[in-house]
Amino acid sequence: MQSAAIVAARIARARHTLVLTGAGISAESGVPTFRDAQTGLWSRYRPEDLATPEAFRRDPALIWRWYEWRRGLVAAAAPNAGHRALADLARRVSLTLVTQNVDGMHQRAGSPGTICLHGDLFRNICSITRLAIEPEWIAAHGDEEPPPSPHHPDGYARPGVVWFGENLPQDALDAALAAARRCDVVLSIGTSGMVHPAAGLPGEAQRNGAWFAEINPQRTALSDGADLVVADTAARVLPAIVAALSGA
Ligand code: OAD
């Protein structure tokens, strides 16, 4: 694959590489993306309408059930060749991996120090205090949807993810921006580039002189700004990049 070889050659010469991933990297694991069509039970909801504090206040049981469904789906899925190739790449070159995903797949594939901008699907926090809630508490209140919070009488357990209108974890954002400013190569993989500040990272890297490649079978909000667009899937392209790097 010609374009994989081009990306590999850039990475081989780079002092540091930044990789930004989105839901598309987990698509080949069977985890639905946000903006591609939904199927089944939840097809009448738009995920972005369920991922807000207002939605949770309006109908906490609905939101809790939706996240429980997603947790079950992700727990039953496995990292794919794309996730594994990125873990492999991090063992070969200096690389920062920043993900918008909350599914834990990069960590399960063995990527060290993954920066999670949007939180962790499997954590629970108090809807009012935002303090962490232990799994044992959730298990003991598992028949309540959602379980109550141990930290506040009016609070509920909610997933430890970032919803629209909420701030990203500052330490994660700072680390991602620092990597954007020092990398020579930035890759955007499987993201529509619609949600900021994550979507601004490739541009920030480019303003600091980095070369930018996008890996996505569809064109996105970031495609026009990319130096190279590889119009193929993550599980096909990423192993080809690692193979080209090994051969280089
Ligand atoms: P989207 O659902 O917006 O975009 C997924 C992208 O993955 C699309 O551009 C697809 O073309 C692409 N894609 C699909 N299959 C692919 C494959 N096999 N290989 C590579 N790319 C593929 O998901 P995100 O951009 O991650 O935020 O969405 C960003 C944020 O919006 C999410 O983190 C979430 C969501 O609402 C919060 O929950 C705060």
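Placed from the backbone N, Cα and C atoms, the Cβ positions cover glycine too.
The feature active site, proton acceptor is assigned by TrEMBL to His118. Under a cutoff of 8 A between CB atoms, and with a sequence separation of 6+ in the same chain, the neighbours of His118 (active site, proton acceptor) are Thr99, Gln100, Asn101, Val102, Val161, Val162, Leu168, Ala198.
The secondary structure of Arg70 (substrate binding site), as reduced to three states from DSSP, is helical. Every protein chain considered, the tally of other Cβ atoms within 10 Å of the Cβ of Arg70 (substrate binding site) stands at 20. If you look up TrEMBL, you'll see Tyr67, Arg70 marked as substrate binding site.
Look at TrEMBL and you will find Gln100, Asn101, Val102, Asp103, Gly190, Thr191, Ser192, Asn216, Pro217, Gln218, Ala234 tagged as NAD(+) binding site. Listed in sequence order, the residues of the same chain lying 6 or more apart from Gly190 (NAD(+) binding site) and placing their CB within less than 8 Å of its CB are Thr21, Gly22, Ala23, Gly24, Ile25, Ser26, Ala27, Thr33, Gly82, Ile215, Asn216, Ala234.
Along the domain 'Deacetylase sirtuin-type' (1-248), the predicted structure has mean pLDDT 95. The domain 'Deacetylase sirtuin-type' annotation in TrEMBL covers 1-248.
Checking the recorded positions Tyr67, Gln100, Val102, His118 for a CB within less than 6 Å of any atom of ligand 1 leaves Gln100, His118, listed in sequence order. Counting Cβ atoms from all protein chains shown, Ala234 (NAD(+) binding site) has 26 others lying within 10 Å of its own Cβ. Comparing Pro217 (NAD(+) binding site) with Arg70 (substrate binding site), their Cα atoms are 24 Å apart once rounded.
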